[in-house]
Amino acid sequence: MNNLLDYTLEELKVWMKENNENAFRAKQILSWIYKGINDFNGMKNIPKSLITKLEENFTISLPNIIEVYKSEIDGTEKFLLGFEDGNLIESVLMRYKHGNSICISTQVGCRMGCKFCASTINGRVRNLSSGEILSEVLVVQNYINERISNIVLMGSGEPLDNYDNVVKFLEIVSADYGLNIGQRHITLSTCGIVPKIYELADKEFSTTLAISLHAFSDEKRKEIMPIANKYTIDEILKSCKYYISKTNRRITFEYALVKDVNDTKEDAKSLGKLLKGMLCHVNLIPVNEIKENTFKRSTKKSIDNFAEILKSYGIEVTTRREMGSDINAACGQLRRSYINTHEIGGE
Ligand code: SAH
């Protein structure tokens, strides 16, 4: 049976027509689902005969909430979600003054191999479908019974390594029949898969693009990010400029600061020279230490120095406020520790 969360309005209309039903029913059905109704019998304006057909052909499949961890410090909630095939992912809900924001996963595991990241340690298990990505937002929204207004694709997985499903997700989540979350309120973070950045730019979504840069030179980047062997920083910046020209959106560069690896004044100056004059913003992320490697977080002083130097090049800089530090907030940590303590295979 097919999961209705995987359907765009157009696709469901086609199904209606093929099954001798009125196409306008498609919008009614999807509207119920995105209002939080996941039982066909709760869809008040749908005739009984169609409900029977729907039950025979479709599921509305949401993951199970396996555990919820709530930070005592800032109210951040981390959800461990389980799919029917036993795979686990994590999503994080952050509460800000401007609304609720969710950080979601796009793959089970990841195959990008970044040295500092917990999600990638045992590689990629599988892609999530567009409906599964959507279901992270839906299940958390239903659980808290409040609207989620911002989404960041910064959980486990590389969104541009699951391009088709992620693009379909972006279309449905921002549609008026879907969750109606504006594309401007969505940020897609990538390690820099250049051809896919061009493809995404051509979609002309107004989604914010965030690039995990983490180094100013290809040599340095290769030490921590294997993808740097495939695409150079120069190629990434060219694709970013194309993205800006197509969308008019400012690019975010993420830079995880690792003590003595990429956090010196020289690093900051070289990064400043590289990005000077570009429509961008740098988000400094004090690296989350994980037990599987020896990377250490930069000191507060070197983080502040780094930010000041970048600012002197006219670059806008923010330092990421750490959310949920008491609940294993770094990417992939929760799933890993759950798998380790419960001795689950599947990776
Ligand atoms: N694959 C995508 C999105 C998921 S990772 C990407 O690479 O952008 C989201 C962000 O968290 C990336 O910037 C990633 O480099 C960063 N990240 C991963 N592990 C981290 C850690 N231990 N500490 C700080 N940031 C980390």
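Counting starts with 1 at the first residue shown.
Here the Cβ of each residue, glycine as well, is placed from N, Cα and C on the backbone.
Please treat TrEMBL annotations as automatic predictions, because they have not gone through curation.
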TrEMBL annotation, S-adenosyl-L-methionine site containing G157, E158, S212, L213, H214, N288 - matching residue among S130, S189, S239, S312: S189
For the binding-site residues S189, S212, N288, the one whose C-beta sees the most other C-beta atoms within 10 angstroms: S212
From binding-site residues C110, C114, G157, S189, H214, the one whose Cα lies nearest E90 (active site, proton acceptor): G157
Neighbourhood of L213 (S-adenosyl-L-methionine binding site), C-beta criterion under 8 angstroms, separation at least six: G192, R221, I233, I236, F253, E254, Y255, L271
Largest inter-residue Cα distance among G157, E158, S189, S212, L213, H214, N288 [record-listed S-adenosyl-L-methionine binders, Å]: 18
Protein Cβ atoms within 10 Å of H214 (S-adenosyl-L-methionine binding site), excluding its own: 27
Nearest recorded site to G157 (S-adenosyl-L-methionine binding site) by CA-CA distance, among binding-site residues C110, C114, C117: C110
Annotated recorded positions E90, S189, L213, N288, filtered by Cβ under 6 Å to ligand 1: S189, N288
